[in-house]
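Please read the structure below before turning to the comments.
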2 protein chains.
Amino acid sequence: MKSDIEICRDTELTPIDSIALQAGLLSEDLTPQGTLKAKVKPSVLKRLADKEEGKLVVVTAITPTPLGEGKTVTTIGLAQGLAKREQKVMACIRQPSMGPVFGVKGGAAGGGFSQVAPMEKLNLHLTGDIHAVTAAHNLAAAAIDARLYHEERHGYEAFAEKTGMAALRIDINRIVWKRVMDHNDRALRMITVGKNQPGKTINGLEREDGFDISAASELMAILALSKDLADMRQRIGRVVLAYNIDGNPVTAEDLQVAGAMAVTMCEAIEPTLMQTLEGVPTLIHAGPFANIAHGNSSVIADRIALKLSDFTITEGGFGSDMGFEKACNIKAQQAGRGADCAVVVATLRGLKANSGLYDLRPGQALPEAIFAPDDKALVAGFENLKWHINNAAKYGVPVVVAINRFPQDSDAELAALKTMIEQAHFSTHVDVAISEAFGKGGEGATELADAVINACQQPANFKPLYSLEQTLEEKLMTVAEVGYGGRGVELSDLAKQQLAELKAQGHDNLAICMAKTPLSITHDPSLKGAPTDFVVPVRELKLCAGAGFVYALCGNVMTMPGLPEKPAYLALDIDEDGNITGLS
Amino acid sequence: MKSDIEICRDTELTPIDSIALQAGLLSEDLTPQGTLKAKVKPSVLKRLADKEEGKLVVVTAITPTPLGEGKTVTTIGLAQGLAKREQKVMACIRQPSMGPVFGVKGGAAGGGFSQVAPMEKLNLHLTGDIHAVTAAHNLAAAAIDARLYHEERHGYEAFAEKTGMAALRIDINRIVWKRVMDHNDRALRMITVGKNQPGKTINGLEREDGFDISAASELMAILALSKDLADMRQRIGRVVLAYNIDGNPVTAEDLQVAGAMAVTMCEAIEPTLMQTLEGVPTLIHAGPFANIAHGNSSVIADRIALKLSDFTITEGGFGSDMGFEKACNIKAQQAGRGADCAVVVATLRGLKANSGLYDLRPGQALPEAIFAPDDKALVAGFENLKWHINNAAKYGVPVVVAINRFPQDSDAELAALKTMIEQAHFSTHVDVAISEAFGKGGEGATELADAVINACQQPANFKPLYSLEQTLEEKLMTVAEVGYGGRGVELSDLAKQQLAELKAQGHDNLAICMAKTPLSITHDPSLKGAPTDFVVPVRELKLCAGAGFVYALCGNVMTMPGLPEKPAYLALDIDEDGNITGLS
């Protein structure tokens with residue numbers, strides 16, 4: 001079989017203005033970026049205000065292996081399958097981060113015959129949204145350190161006199177805004193900034209700092225959750241960058257940098273229209289990393305797609321405890337629109353990985369044995385699938401299990417899995433379909449499409465797990481107990497102190513955004529399957545007042561990945577005609 | 001008078017495909033980015049191979065004040081003036097850096113009625129080239145630290161066995177590739193990376209590092225100097241990132257990251273076509289900062305413009321000792337094409353600033369008094385203009401002095417300056433014209449256009465100051481003595497050692513790229529006018545094997561600027577309809 005990029009290059013694509021027209025977008029709604037990408041103006045929502053919305057299908061998955069179980073393949077394949085069934089459909093996915101593209105996982109355009117095209121444009125830069133988020137974020141970081149330096153250098157009073165601006169009196173030990181970069185760069189996790197040659201202080205004030213990956217920026221969450229430009233501008237103003245020496249928050253508005261940050265992101269708020277290999281219109285918006293970020297595609301993109309199509313297929317990263325939980329509890333509550341159906345992607349290899357019978361390590365290839373039939377591992381791993389089906393059911397939506405077939409999978413083992421699902425008892429409507437979207441495109445996903453059409457006709461009663469009126473503790477407990485099936489949370493001393501402060505500052509009504517490993521439904525990546533006897537350790541809480549949530553760091557989760565021994569970038573190259581090789 | 005962004009917004013622009021067509025570009029040469037920007041494929045040069053080239057006019061200036069003397073205004077105004085004179089003309093300028101846009105100087109689109117439009121697109125992101133350079137640069141940085149970490153963690157032999165790749169054995173004390181960011185962020189000048197919690201080493205190995213501003217990246221110079229994609233790919237492979245424990249260079253090719261870096265920059269190699277407020281086609285390519293970088297627009301952009309027009313107007317940053325020196329000694333030698341005419345921009349305020357009679361400080365507004373007539377200061381400062389005219393003359397080109405008129409300037413003082421120039425004796429043809437390009441657009445620059453047309457008819461005999469066959473010492477001495485008029489260079493012990501190593505490694509044939517203050521023709525920003533009795537202290541040499549030069553850091557020059565007390569970002573904001581305010 002040809003490589004992903006070869007398949008993509010050999011497919012004849014439709015000019016994006018035709019794709020747009022077909023989708024119901026007018027030329028005044030678009031800013032084309034070349035012939036195969038176009039920015040879509042959010043103002044289109046005014047024109048479409050009176051249109052009825054279609055069905056919202058959120059694709060989630062079992063607890064994945066580090067290579068992923070094909071959620072984007074299934075998302076794109078399903079959209080193509082629905083198009084084969086003559087349905088009006090759009091897909092909404094997130095812009096890939098260059099971290100995974102050059103790191104372990106590779107690109108995030110789908111794969112095989114279910115890709116967003118051109119995949120090399122999607123995987124690299126696209127229309128610059130992540131760069132814009134990075135630039136806006138780091139402008140605020142530079143602004144804090146500069147203000148700290150100048151106020152210290154002159155003294156507060158002299159600074160105020162010289163500039164006509166009140167001193168902000170930032171507490172150097174309480175700067176909570178790190179810097180960001182869209183690369184897997186572990187050496188930047190913990191750094192010291194503002195170092196000077198002995199006797200000089202021209203490089204600012206020395207302090208401990210660090211970089212997160214750009215997708216984990218609060219600004220990325222703001223981009224995803226804003227309903228329009230004015231909303232984004234206001235949210236950016238509310239972002240807390242630091243605390244002053246009296247313990248009061250210093251916001252981006254206080255620093256007078258919020259306007260410039262919003263200006264930097266003013267094109268990023270427009271989703272990018274592309275197409276699948278079979279010409280299904282696809283909107284790309286906001287960033288990935290549903291483990292350490294909100295990590296869902298944007299409210300604006302979903303809303304546009306819902307207005308333009310009968311089925312909007314979107315995805316939440318990793319298992320249903322990760323992106324799907326945030327799609328339901330954070331995004332749906334802010335957007336006022338929940339899912340009509342959940343698709344849970346499962347693979348034979350992924351279930352066997354969840355049996356705990358294989359020695360899997362992040363950054364390493366999966367053992368060959370996992371692709372051979374293994375009844376014992378499948379039965380053990382099936383517990384994980386059951387868990388995710390029941391988990392999706394808690395949100396009141398019908399479920400479709402999409403078994404994503406890999407070339408090595410045997411018919412017998414696939415049939416066995418299907419039977420196991422059909423014979424199990426679940427608390428919601430559950431359909432099951434085998435998807436061959438990777439190898440066969442939309443034709444390989446018509447069974448899945450039919451199942452989704454059927455599921456969307458079932459009564460749906462979407463509800464988030466918590467309401468915003470509950471206290472922060474109640475929400476944390478709800479996610480840990482109901483969302484993960486554990487025995488609650490244990491707050492570190494730091495987190496306890498932060499919780500008390502957040503409550504005192506009136507932030508009890510915010511949502512909770514959990515940051516934890518995606519490789520287990522718990523906080524511990526080594527606990528596979530469907531464990532129940534665990535308590536989630538919350539080591540730190542961070543206020544994200546602009547995004548509208550409190551960010552809870554659980555276990556040892558890290559917010560900046562690292563490159564493995566043999567990173568994906570080794571294979572990449574380009575010839576003199578601009579043909580890229582090695583991207584997958 | 002209206003603000004720059006108001007003027008820009010109130011001007012009706014022509015669709016970019018019409019501008020392109022008018023310039024002689026076909027639709028197959030273009031990738032439009034919206035209706036007012038288009039990427040131009042370098043392959044157009046094959047189609048135009050047999051076309052004769054027009055005249056190349058390089059705009060330079062006197063030693064500027066920190067606010068600049070209007071070089072881009074004059075470049076754009078001159079192009080518009082030539083168009084008014086029915087000449088076929090294109091301008092080639094560099095993409096603005098967000099550092100100055102948010103910092104001291106503001107945007108770099110020109111100003112008044114001589115701007116590239118839309119100025120907010122030019123000043124922010126444009127088509128993402130600087131972001132691409134930043135991403136490619138930082139990928140290499142992450143790759144070095146990751147490789148260092150994995151080789152150390154496993155041990156060289158075990159690493160080689162595990163990965164099938166030879167250990168690179170990078171010397172942690174000799175990593176010469178810093179990270180970059182396109183912001184003025186002084187706190188990142190000197191940092192410690194790879195810090196760990198006690199007893200852990202999961203964040204890499206601790207070492208001293210720092211960030212430069214992105215425009216100073218060797219990759220930006222490579223972008224500017226490459227003749228095509230294949231050349232860029234090869235140059236990136238030659239970039240030296242570190243030395244191994246035997247003292248041998250470790251290149252981007254050795255690290256197998258050069259392909260991925262080139263992939264990251266494969267769209268950046270295409271210049272962006274825009275237009276001036278009067279519809280003159282303008283190519284934007286490569287980055288600014290001719291003080292700490294090569295800092296000229298690209299060879300590819302110039303070449304395309306030369307093929308398409310009778311006059312190509314480009315600019316080199318700061319005074320003729322800075323960007324113009326590098327345009328002639330680095331860029332012209334690599335491109336095999338020198339200038340036909342130099343335009344030296346002078347202002348009354350800039351000359352008075354060069355008198356040494358005013359107390360000027362970077363980051364602070366100029367004193368009001370400098371705008372009032374001041375004969376003594378003008379006469380004293382005139383020495384600086386004479387110096388720059390004679391300096392340009394050394395390169396064998398005719399000179400046009402463009403006196404860029406500010407609204408406060410008196411007719412009498414302008415006339416006096418003009419007379420001083422006309423009565424002085426120079427070793428090349430010198431014309432002089434007053435430009436009112438800022439206030440009147442092309443109509444205000446027709447006198448200048450006529451002077452340039454006249455100068456381009458003079459016999460030109462372009463020659464760089466040195467040939468690449470000379471030794472590195474000879475080139476350093478030549479720039480300091482002939483290019484700056486000083487008494488040579490003094491190398492630090494470190495620089496001496498580096499020079500010996502560069503020679504031993506066979507790099508004697510590279511060009512020299514000087515990094516020094518732009519606020520004096522010397523290395524000392526306090527020395528105004530036309531000093532002669534100085535020796536240039538070279539504190540450090542860096543090999544830029546991909547760019548084809550040795551980078552010489554002189555005096556206290558810093559390669560990462562800082563934000564001032566009242567940065568330009570304070571004024572920026574955006575309304576709900578996307579209208580930007582406060583950008584200039």
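Cβ atoms here come from the backbone N, Cα and C positions, even for glycine.
Listed in TrEMBL:
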BINDING   A:T65, A:P66, A:L67, A:G68, A:E69, A:G70, A:K71, A:T72  ATP binding site
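Feature map: annotations from TrEMBL on the structure.
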residue	record	Cβ neighbours (10 Å)
A:T65	ATP binding site	19
A:P66	ATP binding site	18
A:L67	ATP binding site	17
A:G68	ATP binding site	23
A:E69	ATP binding site	25
A:G70	ATP binding site	28
A:K71	ATP binding site	27
A:T72	ATP binding site	26
Structural state of A:E69 (ATP binding site), classified by DSSP into three states: coil
Other same-chain residues whose Cβ falls within 8 Å of the Cβ centroid of A:T65, A:P66, A:L67, A:G68, A:E69, A:G70, A:K71, A:T72, the recorded ATP site, in sequence order: A:A61, A:P64, A:K105, A:T347, A:G350
